[in-house]
Amino acid sequence: MSRFLICSFALVLLYPAGIDMYLVGLPRIAADLNASEAQLHIAFSVYLAGMAAAMLFAGKVADRSGRKPVAIPGAALFIIASVFCSLAETSTLFLAGRFLQGLGAGCCYVVAFAILRDTLDDRRRAKVLSLLNGITCIIPVLAPVLGHLIMLKFPWQSLFWAMATMGIAVLMLSLFILKETRPAAPAASDKPRENRESLLNRFFLSRVVITTLSVSVILTFVNTSPVLLMEIMGFERGEYATIMALTAGVSMTVSFSTPFALGIFKPRTLMITSQVLFLAAGITLAVSPSHAISLFGITLICAGFSIGFGVAMSQALGPFSLRAGVASSTLGIAQVCGSSLWIWLAAVVGIGAWNMLIGILIACSIVSLLLIMFVTPGRPVAAHEEIHHHA
């Protein structure tokens with residue numbers, strides 16, 4: 001079992017590493033490529049676009065051909081794209097490399113969640129996804145620090161060679177450690193079960209909405225945090241870094257505590273708690289009379305996301321034993337596109353950073369609480385269905 005957990009964690013971590021590690025080198029990258037930092041900030045959106053594009057096909061391929069045939073090319077593409085970015089001499093080539101990086105990371109991301117659905121029952125999967133969420137929270141803190149240390153001695157290209165090295169490690173794990181987990185193709189008598197695994201299932205769609213709104217909350221916070229903390233609240237760059245590190249610490253602590261909470265409380269209780277914390281955060285930020293109260297509201301955001309996201313993802317994947325790859329892809333596409341659409345629309349309409357965050361917090365909490373309370377599984381979700389794995 002440990003091999004599946006290690007491989008799943010490694011496959012997922014390419015996604016945040018690809019986002020966060022290069023940011024510290026952005027000024028030098030812009031200077032070398034004769035582009036402005038503003039022009040290269042689109043590299044974030046291009047990377048997410050690559051991930052979304054990968055998710056359009058990766059899940060279906062993973063369900064038909066297996067998890068390894070998607071993970072291995074995905075890791076290989078991430079390696080090639082990282083090297084391509086390091087060799088880019090124009091901003092256009094650099095952005096093309098970032099898109100390819102996103103494609104590779106997206107393939108690996110989809111496979112990771114499909115593997116966890118294949119190998120874990122509902123309760124254990126919720127615990128593992130909460131732990132995975134905690135580990136993922138470490139990356140936005142550690143990746144820029146690692147990038148800074150690398151750039152003390154080496155040029156910005158070394159950041160992408162470091163990413164390529166990470167990709168090589170994931171590729172080796174996928175080749176030699178990961179075993180295929182895709183369930184055997186269903187017999188004719190099992191076709192009704194396959195047909196029941198519909199993406200239009202009300203319970204699944206409700207969890208897609210909940211997780212998409214939750215991701216929109218956390219990405220809105222990350223995206224607006226420089227404006228909120230430095231421009232509006234007046235913190236210095238060093239203080240901003242410290243606050244973000246502390247918020248990551250809150251996320252990690254809560255994420256690592258959630259598996260223990262699942263041994264005491266029902267998953268539904270934790271999901272409700274998550275959304276109540278979002279609502280409390282939105283109200284706190286809306287009426288906050290001081291920076292200290294605002295910072296408390298920000299910690300509520302991190303705690304709320306960490307308590308509920310892993311549980312919601314586990315519930316979303318629960319009904320799918322034969323189509324876990326497609327379900328994982330659908331979740332990923334909805335989360336990436338939904339959150340990006342919200343941030344883009346808010347910017348186009350001219351909603352300020354503060355109101356953007358408050359708005360998504362309150363909307364997410366109200367909609368999600370209604371879905372949690374009124375949309376329940378239409379049939380009992382099997383704790384775990386024994387599967388015959390392909391060699």
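Placed from the backbone N, Cα and C atoms, the Cβ positions cover glycine too.
So that you can see what the record holds, here are the features copied from Swiss-Prot:
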- 4-24: transmembrane segment (TRANSMEM)
- 42-62: transmembrane segment (TRANSMEM)
- 69-89: transmembrane segment (TRANSMEM)
- 93-113: transmembrane segment (TRANSMEM)
- 131-151: transmembrane segment (TRANSMEM)
- 158-178: transmembrane segment (TRANSMEM)
- 203-222: transmembrane segment (TRANSMEM)
- 245-265: transmembrane segment (TRANSMEM)
- 269-289: transmembrane segment (TRANSMEM)
- 293-313: transmembrane segment (TRANSMEM)
- 324-346: transmembrane segment (TRANSMEM)
- 363-383: transmembrane segment (TRANSMEM)
Task: Chain residues in Cβ proximity to the transmembrane segment (93-113) (below 8 Å; excluding those fewer than six residues from its ends, i.e. six or more beyond) - done: 7-9, 11-12, 14-15, 18, 29, 33, 40, 42-43, 46-55, 58-59, 62, 67, 70-71, 73-82, 84-85, 163, 167, 170, 313, 317, 324-325, 328-329, 331-332
Open item on the list: With Cβ-Cβ distances below 8 Å as the criterion, list the same-chain residues six or more beyond the ends of the transmembrane segment (203-222) that contact it, or say none.
Closed with: 140, 271, 274, 278, 298, 301-302, 304-305, 308-309, 312-313, 315-316, 319-320, 327, 330-331, 334-336, 338-340, 342-343, 346, 356-357, 360-361, 363-364, 367-368, 371-372, 375-378
Task: Cβ-Cβ under 8 Å with the transmembrane segment (131-151): same-chain residues at least 6 beyond its ends - done: 8-9, 12-13, 16-17, 19-25, 28, 158-159, 162, 222, 244-245, 248, 251-256, 259, 305-306, 309-310
- [ ] For the transmembrane segment (69-89), could you work out the same-chain residues 6 or more beyond its ends whose Cβ comes under 8 Å from its Cβ atoms?
- [x] 7, 11, 14, 18, 22, 33, 54, 58, 61-62, 96-101, 103-108, 110-111, 157-161, 163-164, 167-168, 170-171, 174-175, 178, 325
Open item on the list: Counting only residues 6 or more past its boundaries, what in the same chain has a CB within less than 8 Å of a CB in the transmembrane segment (245-265)?
Closed with: 123, 126-128, 130-131, 133-135, 137-138, 140-141, 298-299, 302-303, 305-307, 310-311
Task: Intrachain residues whose Cβ lies under 8 Å of the transmembrane segment (158-178), provided they are six or more past its termini - done: 3-4, 6-7, 10-11, 13-14, 17-18, 21-22, 24-25, 67-68, 71-72, 75-76, 78-79, 82-83, 85-86, 101, 104, 108, 115, 146-147, 150-151
